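Step one of this worksheet: look at the structure below.
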């Protein structure tokens, strides 16, 4: 600003001198020429020339006074504007929350605010003898020179960038700034300025976040490992529970076989006993003997078929199939029918023969058998008068549905949410493992994408099994 003002002053002074010189030359030349033509008397010409000189001094003095007064007025106004601008500028950068500094093109510090001085810990006079490179650790010098050469000078400003400053006490701290270029009237760079922001706290937060992120990543890796281990453990546990459930069901089957065979064995025993008595008394013919033997063999064949049914019942299906729900229900009921009749429990079947489901038929029948067996135990335990189990099979939109309802008084409300939990049982430790219903739910919902629920309905509990109905391109057809 100083060099620009001096040029303006010189221009104004030269303008005044030029006006004065032109006016003087024109006045002297014109007046002398005119007077020489008009007046011939030398004495008169001298007197008039003296008067003309006084008049010239007055006129030129007045003219100079006007020009100089105007110049001084404009100068005072310009100085006032500059003073006000400098004051506003000073208030602006001194009142900023961030640091401000300007440097010449050699890096020497020209101006700065109190925030900048406090940030670096120098006294005012100390800063004026410093360059920005002296305040910057050496590792940043080449980068900053590159930014000035490639960004600041070509386009007038830099991108926001980060670097470090060194305080008077030697401590290093991070800052963020954007450099701006200042050009003179001829467009030549002569200074740079920047607003500097101390980002120590931000860096601390970023470091903390990075540390937390690393810890979180390690925790996630640990959790992933633990989850994988837990999944394997749960899979092994479910497999163990499934095996326990099968063993418990097989134990139940042994009991059912005993019920199924008790009457046939009694009949075979009576036949053998009758044959022995008849032979000893000689009262049996060969034809009668053959008939009794054939009768005994028929009973034994029926018992053999029963064994095959039980063996096939526990054979696992390898793939999903479309099966008849009615036949699956009849298979399960047939295996426990003798035990139900022996306990005087009435079984009512209302089965739609056209209902089919997609899944594993044997596992489905095992679930039904487990639910029916539980209903039998409840009816016997509670000594229900006229015990009854009602089984229905029907289609509900795209679902095949089977309900098993008993009249045993229902499930205690406080236990409704627990009956499908593993190892939960209301029976004594010698009567139940508590894994039957849990595994039944796993089989229906996890293995066959169905749904198994229980609720209290009328005079007892009702279990509801839902499976996708109909045919599927990805399954085989059976029955």
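Using the three backbone atoms N, Cα and C, a Cβ is placed for every residue, glycine included.
Among the features that TrEMBL reports, transmembrane segment is placed at 12-39, 45-68. What TrEMBL records for 85-156 is domain 'PAS'. Residues annotated as domain 'PAC' in TrEMBL: 159-211. Residues or ranges marked as coiled coil by TrEMBL: 202-233. What TrEMBL records for 256-471 is domain 'Histidine kinase'.
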Long-range environment of the transmembrane segment (45-68) - Cβ separation under 8 angstroms, sequence gap at least 6: 16, 19-20, 23-24, 27-28, 31-32, 35-36, 39
Mean of pLDDT values spanning the domain 'PAC' (159-211): 92
DSSP helix/strand/coil residue counts for the domain 'PAS' (85-156): 41 helix, 12 strand, 19 coil
